[in-house]
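Peer 1: Would you mind keeping the following structure in view while I ask a few things?
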Amino acid sequence: MTAVDEEALTSAEADELERAAEAALRPKRLEEFVGQRVVREQLALVLQAARSRGACADHVLLAGPPGLGKTTLAMIIASEMHASLRLTSGPAITHAGDLAAILSSVQEGDVLFIDEIHRLARPAEEMLYLAMEDFRVDVVVGKGAGATSIPLSLPRFTVVGATTRAGLLPAPLRDRFGFTGHMDFYEAADLERVIARSARLLDISLDPAAGREIARRSRGTPRIANRLLRRVRDWAQVRGNGAADEAAARAALEVFEVDPRGLDRLDRSVLHTLCVRFGGGPVGLTSIAMAVGEEPETVETVAEPYLLREGFLVRTPRGRAATALAWDHLGLRPPSAPGTQAQGTLFVDGSGAPPA
Ligand SMILES: Nc1ncnc2c1ncn2[C@@H]1O[C@H](COP(=O)(O)OP(=O)(O)OP(=O)(O)O)[C@@H](O)[C@H]1O
Ligand SMILES: [Mg+2]
């Protein structure tokens, strides 16, 4: 199997094909949506209150890492409000005119879902402020000195924005959302429920112990959990007796190189390099990336966040350093004198090798 395939297995992003497979697994009602207790409760309140007022819901922003259920929640909001859902995304709106066209066709009570809202072009963003606050767009007619802007009033509707980068959202836009749901990685127990539910829908006979095993290796992310479940099913079909039991889960995940803590080949290779080549660090990102044969950006955005979150490595002003957990996980012994590791072997170019 190629490195690309393997990376895709534990990446939180989804491609087109996978998005189609996911559609079948999306919970349709808020009560079916597993985990995210805080956001679910907050959202339930906001929606129920709006329904009982007979009004449309306030604008909602959903923020959090990929694969945690933002698109799913947007669809749930529309269905709970018995509203039609319009879908678009920041990158799809390249001109303010694109947004004006969408807005002018919005109907009373619609839910307009804008994915990757942090990637909206500036002029469109400004148009959106006005639409969200005053339910109005200014349509510019004509050019140059003769141009006039004609205000067009819009029916009441709800914007649901999703972003993986809430920090990139300009404050004026952020402030126009009446409610922001911060999505967090899932607890293992919640992931087990996600997996059990998906297994039912996909008609997979899944052992609870296998569900636990998959949950543990899914990086707190339902999208990864569903993907690993499908690979375990593959293994059970081809090499097992069709049942997704604990042994099948273990064997399948070993074939696909997802280790017991959910680390994949790239993650392990980063840790291994850090410990073995650089004596545990601290060492610069570029040196690590060169040693594992990847772009620094790939190491920083694909491998590092999970390694940091799980406490396998730390970022220091002088670079990345392995923690005791990393050494332990690789079955290696850290250098015996604590505090002296690596410092003595780090050279100006950060390569861990003396200058020629
Ligand atoms: N709470 C949940 N319960 C059950 N399934 C879930 C839950 N959250 C997400 N999923 C499943 O995980 C998959 C990914 O969810 P979704 O597409 O909503 O993520 P996202 O946050 O929009 O990701 P991205 O940032 O990549 O757009 C879907 O197939 C969905 O069925
Ligand atoms: Mg999405």
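Cβ atoms are placed via backbone N, Cα and C, with glycine included.
The ATP binding site annotation in TrEMBL covers Leu25, Arg26, Gly67, Lys70, Thr71, Thr72, Glu133, Asp134, Phe135, Arg176, Tyr186, Arg223. Annotated Mg(2+) binding site per TrEMBL: Thr71, in sequence order. Annotation comment: TrEMBL describes Arg315, Arg320 as DNA binding site. The feature domain 'AAA+ ATPase' is assigned by TrEMBL to 56-190. Sequence annotations record features per position, and here TrEMBL assigns region 'Large ATPase domain (RuvB-L)' to 6-186. The region 'Small ATPAse domain (RuvB-S)' feature in TrEMBL is assigned to 187-257. According to TrEMBL, the feature region 'Head domain (RuvB-H)' maps to 260-356. Positions annotated as region 'Disordered' by TrEMBL: 335-356.
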Peer 1: Looking only at Arg315, Arg320, the binding-site residues on record, which one has the least crowded Cβ, with the fewest other Cβ atoms within 10 Å?
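Peer 2: Counting other Cβ atoms within 10 Å of each of the binding-site residues Arg315, Arg320 gives the minimum at Arg315.
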Peer 1: Under a criterion of Cβ-Cβ distance under 8 Å and sequence separation of at least 6, what residues of the same chain contact Thr71 (ATP binding site)?
Peer 2: Arg26, Phe113, Asp115, Ala162
Peer 1: Considering only the binding-site residues Leu25, Thr71, Glu133, Phe135, Arg320, which possess a Cβ situated under 6 angstroms from at least one atom of ligand 1?
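Peer 2: Checking each Cβ against ligand 1, the ones under 6 Å are Leu25, Thr71.
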Peer 1: What is the separation, in Å, between the Cα atoms of Leu25 (ATP binding site) and Arg315 (DNA binding site)?
Peer 2: 37
Peer 1: Just to be sure I understand the contacts, which binding-site residues have a Cβ under 6 angstroms from any atom of ligand 2? Candidates are Gly67, Thr71, Phe135, Arg320.
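Peer 2: List returned for ligand 2: Thr71.
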Peer 1: Using the alpha carbons only, what distance in Å do you get between Tyr186 (ATP binding site) and Arg320 (DNA binding site) once rounded?
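Peer 2: That comes out at 26 Å between the alpha carbons.
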Peer 1: Using a 10 Å cut-off on CB atoms, tell me which of the binding-site residues Phe135, Tyr186 is the least crowded.
Peer 2: Phe135
Peer 1: Which of the listed binding-site residues (Leu25, Gly67, Glu133) has the least company, meaning the fewest other Cβ atoms within 10 Å of its Cβ?
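Peer 2: Each of the binding-site residues Leu25, Gly67, Glu133 was scored; lowest Cβ tally within 10 Å is Glu133.
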Peer 1: Where does Glu133 (ATP binding site) sit in the DSSP three-state scheme?
Peer 2: helix
Peer 1: By CA-CA distance, flag whichever of Gly67, Glu133, Phe135 among the binding-site residues is nearest to Arg320 (DNA binding site).
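Peer 2: That would be Gly67, the closest of Gly67, Glu133, Phe135 to Arg320 (DNA binding site).
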Peer 1: Where the record says Leu25, Arg26, Gly67, Lys70, Thr71, Thr72, Glu133, Asp134, Phe135, Arg176, Tyr186, Arg223 bind ATP, what is the longest distance in Å from one Cα to another among those residues?
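Peer 2: Output for ATP binders Leu25, Arg26, Gly67, Lys70, Thr71, Thr72, Glu133, Asp134, Phe135, Arg176, Tyr186, Arg223: max Cα distance 37 Å.
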Peer 1: What does DSSP assign Gly67 (ATP binding site), in three states?
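Peer 2: SS state of Gly67 (ATP binding site) = coil.
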